[in-house]
Amino acid sequence: MTKKGSMKPGKKNKAEEPELEPLCCCEYLDRNGEKNHVAACLCDCQDLDEGCDRWITCKSVQPETYERIMDTISDRLRIPWLRGARKVNISLLPPLFLLPVFLRVASWHFLLGVVVLTSLPVLALWYYYLTHRRKEQTLFFLSLGLFSLGYMYYVFLQEVVPRGRVGPTQLALLTCGLLLILLALCRAKKDPGYLRNPANDDRSLSGSQTEYLNRTGPEKPKGFPGADPAGGLNNRGPKDEPKGCPRTSAGSPATGKEDWCAKCRLVRPARAWHCRICGACVRRMDHHCVWINSCVGESNHQAFMLALLVFLLTSVYGITLTLDTICTDRSVFTALFYCPGVYANYSSALCFTCVWYSVIIMGGMAYIFLIQLINISYNVTEREVQQALRQKTGRRLLCGLIVDTGLPGW
């Protein structure tokens, strides 16, 4: 009797909660929780049909329709995988296809090169402000940076090395620089110093952030020598004091003020800030960098600076080797602006176009590196600089490169 009685509830529970059928490699659960198939990616898309009808009839399409179409495309763009098709982030794809096409088109003629190389930064800035205004995470710039490194290295191996002017030592040195960039980027992509609140089981953090914090535990304060973290986490919970009131640590000076983050439900130490893109508070937050799709904070600031430095040195070295190969009778600086006959050969034109593309990217990274060095020397973060400019408490010096924030660090 005991066995029968114990087995009946088991059968009842099994009947109440039927096991889900395993997904094949081409099936997936869509955003509505329904089972779908990769082969049906173009079926039953009412938003896309409505948008096409309006385009054909020359009628305006509402912005909400565009967003629904992009959501549908991103949800259905998947690749077959074991135990269900995997979703592909749509922002990863444009650089993989557009960058080689643009660079090869720019290699056809000098004027095409000027137009393409001028339009690429404009398009990148437009996309940046579009995503920054919406406070959305995007893998576009991370994909663009990594693919640019890989494609420049591929062109160097295919078009420059076979000419015989680059020795094995030079190639090994350039390869080591590329590997160091990737290692520094991997370190910079890790935890920038997320603040964790055990009371709410890290619900405010994303899945990857929570997984990293649970694996590593609380991290000791890091940063550049001389950087002032100005306080640590307060052990008091939100019930000890009224919500929204500024808090100070016991025994700390008045400059070590802490405040309450209503979104993360925790007490923030001084110089910590909540990133609306990452959805988490970061210790000594500097800024949210789209090139690594993460914040730059107390724990990854050094790795971020190292990645910038190694990238600049490796880029200068690669540009020098390339120009020395395709313009042998001129100095590097002269060949960058005047290299006659370079468009007579498509291989040389492609190398020259890639050189100028690298120069444009390197110029942007050099500006970021310079601003970071200035901020570190004055012991301020980029967020503190921007906040001082918005509140009109800071003043620009040296054409805006230096900003006097009025903080005690000055």
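Every residue gets a Cβ built from N, Cα and C, even glycine.
Automated prediction, rather than curation, is the source of TrEMBL annotations.
Annotated features in TrEMBL:
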type: DOMAIN; residues: 256-386; note: domain 'Palmitoyltransferase DHHC'
type: REGION; residues: 197-257; note: region 'Disordered'
type: TRANSMEM; residues: 111-130; note: transmembrane segment
type: TRANSMEM; residues: 139-157; note: transmembrane segment
type: TRANSMEM; residues: 169-186; note: transmembrane segment
type: TRANSMEM; residues: 303-323; note: transmembrane segment
type: TRANSMEM; residues: 343-370; note: transmembrane segment
Helix, strand and coil residues within the domain 'Palmitoyltransferase DHHC' (256-386) as assigned by DSSP: 69 helix, 20 strand, 42 coil
Segment confidence, the domain 'Palmitoyltransferase DHHC' (256-386), expressed as mean pLDDT: 90
Please give the sequence-distant neighbours of the transmembrane segment (111-130): residues at least 6 beyond its ends with Cβ less than 8 Å from one of its Cβ atoms. 102-103, 105, 138, 140-141, 144, 290, 349, 352-353, 356-357, 360, 364
